[in-house]
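**Q** What TrEMBL shows for this protein is this:
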type	residues	note
COMPBIAS	78-90	compositional bias 'Acidic residues'
COMPBIAS	109-124	compositional bias 'Acidic residues'
COMPBIAS	139-152	compositional bias 'Basic and acidic residues'
COMPBIAS	177-187	compositional bias 'Pro residues'
REGION	1-42	region 'Disordered'
REGION	78-152	region 'Disordered'
REGION	169-192	region 'Disordered'
REPEAT	248-289	repeat 'WD'
REPEAT	301-334	repeat 'WD'
REPEAT	354-386	repeat 'WD'
REPEAT	489-530	repeat 'WD'
Amino acid sequence: MRSKRVRSLLGRSLELNGAMEPSEGGPRATPGPGGLSGGESLLVKQIEEQIKRNAAGKDGKERLGGSVLEQIPFLQSCEDEDSDEDDELDSVQHKKQRVKLPAKALVPEMEDEDEEDDSEDAINEFDFLGSGEDGEGSPDPRRCAGEGTHHELQTRRVKLQGILADLRDVDGLPPKVTGPPPGTPQPRPHEGSFGFSSDVFIMDTIGGGEVSLGDLADLTVTNDNDLSCDLSDSKDAFKKTWNPKFTLRSHYDGIRSLAFHHSQSALLTASEDGTLKLWNLQKAVTAKKNAALDVEPIHAFRAHRGPVLAVAMGSHSEYCYSGGADARIHSWKIPDLNMDPYDGYDPSVLSHVLEGHRDAVWGLAFSPTSQRLASCSADGTVRIWDPSSSSPTCLCTFPTASDHGAPTSVAFTSTEPAHIVASFRSGDTVLYDLEAGSALLTLDSRGNSGPAQINQVVSHPSQPLTITAHDDRGIRFLDNRTGRSVHSMVAHLDAVTCLAVDPNGVFLMSGSHDCSLRLWSLDNKTCVQEITAHRKKHEEAIHAVACHPSKALIASAGADALAKVFV
């Protein structure tokens, strides 16, 4: 049935050619208005030959080339009618796969600079083509030039379009949609209902297009697998997006505290498995392609009888100090960072043991300016030590249990080396004067929501400002001079457990039990990046964060026994 229709359409096309082209014996006349030039007659012949090839074609797979479709918009490819009826259902799905270029181009390619303009002119001249009047003979071209009317041209055009429509119907192609006028802007591929390309819209947005998202416009979620950054020192280190570089996997229990080496790419971790481990980040090796870099610890410090809860780096990173649940503070000598991790144990690494606390030591802080070590313990005291002496002793003790409860964190103020600030489970924050040996000021850290445990306190590196992390999901900024709250905000979806300020005083990093790290601009107190880096264990997630004093490195540690370094 369909083969008969193709033969009928082919016959109509031959009649159309006869109506449009002079007979073989007739003279070749020059083209006139409404007539066909030699080039146009050749195009019509080529269209006929293509229709014949589509009807008889090899394996029913040959199609018109993309160049023909671009030059003559109303031409569409046809499917071979000798193919099996069962292929009809798959014809639409595989249409694009079956299109291939013909052996010879039907329209010569333009090689000059005005290729597009010439193509448009040729198409416009081809618009008058149509079908002949009832296929009667071969009219004289001169007569057509003189007597052709607009009605005849319109009639022939309609008939030719009808033949093409029948061909598409035979082959199962969708009907051709009439395009807009030539002057109308054409939409790009894959466009939506609004007239723009969704692909281009997305790329334009990522490339810097302004989208009104409020505060969310500055929030960036980092892919955990992006390892594109290096360890280079950069003045703009805090103006970029942080990406994970190293994952440290040697501990057997949650990591409670972190401390960076002052000048080298090295990190110290303290864990609930009772050990401290030193990592040289320059000795990283790639386990497999596209995997995070693996780092092995170069030394494990073993002396605590229980979980290690706090760690602090000493002056010039020659010594470090750790506090644990055994109520002891250990002073360690930092070994050579290039040592072989399989060397024998060196007993001289353990320098001194500072004893005096009667319960777990939860916080440590070291002041390079005064060479003093501060500690806070669950026994309700804050103590100041001189770790550099041959027999370290406690210089002074601040009893806090009766007034404020058990301390949770301690830090030296950057603007006044003789002052320390301590935070408590009761939600209080107290500023102490080391020279006077007494409390100087109680800061307004409770806020309007009532008391909430403070998990960590840090000091701004260049301003008299104290920053506290609370169990009520908040972060508060306190003025050391007046004791008043400068700013408070809800920072996470769960308790804020740890804080770290970069050495330039530009960004604040916070960690939470909601498994996220967030970086905040200290200028406008807005979140500039969020990183999901750790998993929960027993309703706990991130325990510690740290910023390197001199390199573009930050780190986090959590209850999942992992430490991660970002660059």
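Note that Cβ sites are derived from N, Cα and C of the backbone, with glycine treated the same way.
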**Q** In terms of Cβ proximity under 8 Å, which residues at least six beyond the ends of the repeat 'WD' (489-530) contact it?
**A** 215, 218-222, 238, 241-242, 455-463, 467-475, 477, 536, 539-547, 549-550, 554, 556, 558
**Q** May I ask for the residues of the chain that lie six or more residues beyond the repeat 'WD' (354-386) and have a Cβ under 8 Å from a Cβ within it?
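**A** Residues 257, 309-316, 321-331, 392-402, 405-412, 417-418, 420, 422, 432, 434, 456.
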**Q** Averaging the per-residue pLDDT over the repeat 'WD' (354-386), what integer do you get?
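**A** Mean pLDDT, the repeat 'WD' (354-386): 95.
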**Q** Determine how many residues of the repeat 'WD' (354-386) DSSP places in helix, in strand and in coil.
**A** 0 helix, 19 strand, 14 coil
